[in-house]
Protein chains: 2
Amino acid sequence: MKKENNSRPLILVTNDDGIKAGGLEFLVKVLKQFGDVVIVAPNESYSGMSHAITVKTPLYAKLVKEKGGVKLYKVTGTPVDCVKLAINVLLDRKPDLLVSGINHGTNSSISLHYSGTVGAAREGALNQIPSIGFSLLNYRHDADFTEASRIAEHVVKVVINDKLPSGTFLNVNIPDCDPVKGARVARQSKGKWVEEFVEREDPRGRKYYWLTGHFENMETEAKDTDEYYLNKGYAAIVPCQLDATNFNLLPYMKEQNYEL
Amino acid sequence: MKKENNSRPLILVTNDDGIKAGGLEFLVKVLKQFGDVVIVAPNESYSGMSHAITVKTPLYAKLVKEKGGVKLYKVTGTPVDCVKLAINVLLDRKPDLLVSGINHGTNSSISLHYSGTVGAAREGALNQIPSIGFSLLNYRHDADFTEASRIAEHVVKVVINDKLPSGTFLNVNIPDCDPVKGARVARQSKGKWVEEFVEREDPRGRKYYWLTGHFENMETEAKDTDEYYLNKGYAAIVPCQLDATNFNLLPYMKEQNYEL
């Protein structure tokens with residue numbers, strides 16, 4: 001690919017709901033004012049794919065359209081595949097910013113571990129690119145992203161100036177209300193999914209299970225968590241790190257004779 | 001399912017290489033001495049699946065065999081699906097310990113983000129179960145897990161006594177040498193994957209891409225990381241946390257006007 005001379009920031013956009021998702025369209029409208037936008041997104045929904053990569057099959061990438069200066073590629077893989085393929089193959093220079101979303105549904109608290117939207121943002125950070133994942137707390141296809149777009153615009157503007165410290169990405173969740181009261185920096189709440197599997201029988205008489213269940217916030221008294229602010233009508237901005245080490249435990253484990 | 005009276009610890013075993021993997025067999029041999037073992041693992045290899053869950057299709061689970069008191073279930077899903085299905089459907093009581101592996105190949109440094117082996121251990125911790133992921137730095141099917149088994153035995157023995165603090169799981173990587181010199185508590189090294197996609201053309205003339213690439217340790221001078229100890233011939237035990245919040249950044253972000 002030819003290298004273009006361009007001083008506008010290059011913004012890579014992806015998601016996990018696929019190229020036809022409404023949240024993606026709203027996000028691109030916001031981002032066009034800040035730089036040159038290239039969309040590289042899954043050809044279909046890849047919800048719940050976390051940080052998964054495709055290792056057993058090859059990937060196809062296709063330029064679907066170029067409209068208003070925005071190229072849209074679809075990829076036959078996960079959100080993280082999309083980021084890797086964009087950076088290594090499809091783009092002619094390293095993006096200055098990666099934005100993932102706007103996801104249809106929440107990725108707050110521990111849900112970030114399951115999220116393909118967040119996975120893509122984490123992969124951006126692993127490639128030393130300032131990266132943000134946006135999610136709206138509304139799962140419906142016809143969700144209204146107007147307020148979410150306003151919040152995204154604010155956060156993107158700050159990140160473009162700040163660049164974000166290395167090794168960090170943002171997980172931004174936005175409540176489904178109008179107006180959204182504002183945006184607050186928060187920590188990830190402790191929570192759990194209370195799982196329920198629906199058990200059914202297929203036409204051949206074999207039992208099968210659908211994953212379902214609901215989230216429970218385990219820190220209902222805390223006033224500095226993403227869950228707290230979302231419940232109060234504020235967007236929650238959680239700075240997330242790539243390093244999973246629990247540093248507080250290192251001396252404890254040495255005392256407990258984990259070493260051999 | 002009937003509740004059995006049993007004072008031996010219940011140990012749930014899973015992996016991401018599938019029910020036929022050699023590493024799984026070695027692990028079960030180690031674990032049988034510590035408690036009652038139930039294996040719930042993917043029916044085939046789910047490498048690189050991270051913390052992914054299956055949301056678009058239902059899951060099937062089948063009791064493949066019961067041998068020497070060990071039940072083996074295969075599941076048509078990811079390692080995290082296996083853990084969820086085991087806890088919610090297949091087991092008659094909550095496991096006292098979850099062990100994932102022994103993975104064929106490394107999951108040190110940032111590779112933990114892509115790993116299904118680690119994903120399963122993280123899911124155990126999300127369910128308040130002491131959980132460990134083991135990986136051997138040898139990708140081959142015929143890898144020798146003898147030394148890795150010895151290390152696993154030591155770590156499991158300590159975890160059964162210690163239980164591990166809540167919100168923490170262990171990512172244990174074991175070098176492919178004989179003898180392994182010992183085991184060291186370590187932090188996750190900073191690293192990156194230098195990606196290379198192999199580009200080919202299919203019989204219909206369409207370009208496709210295979211993910212490949214190699215890992216680069218970004219902290220070659222550090223002497224407290226998993227990469228350091230692995231290179232020295234020691235197993236590396238990294239205590240990992242479920243909370244991804246970068247707490248150091250919270251005040252910084254407020255100063256930078258991220259809030260609205």
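Here the Cβ of each residue, glycine as well, is placed from N, Cα and C on the backbone.
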Exercise. Which one, B:ASN88, B:ASN103, is listed by TrEMBL in the same divalent metal cation site as B:ASP16, B:ASP17, B:SER47?
Worked result: B:ASN103
Seminar exercise, completed: Note on divalent metal cation: the CB centroid of B:ASP16, B:ASP17, B:SER47, B:ASN103 has further same-chain residues inside 8 Å, namely B:ASN15, B:GLY18, B:ALA21, B:SER45, B:TYR46, B:PRO79, B:GLY101, B:HIS104, B:GLY105, B:SER115, B:GLY116, B:THR117
Problem set entry | Sparsest Cβ surroundings (other CB atoms within 10 Å) among the binding-site residues B:ASP16, B:ASP17 | B:ASP17
Exercise. Including all protein chains displayed, how many Cβ atoms other than that of B:SER47 (divalent metal cation binding site) lie within 10 Å of its Cβ?
Worked result: 22
Problem set entry | Short-range binding-site residues relative to chain A, from B:ASP16, B:ASP17, B:SER47, B:ASN103, with Cβ separation under 8 Å | B:SER47
Seminar exercise, completed: Row B:ASN103 (divalent metal cation binding site), column other C-beta within 10 angstroms, all chains, value 32
For this session: Give the helix, strand or coil assignment DSSP yields for B:ASP16 (divalent metal cation binding site).
Result: coil
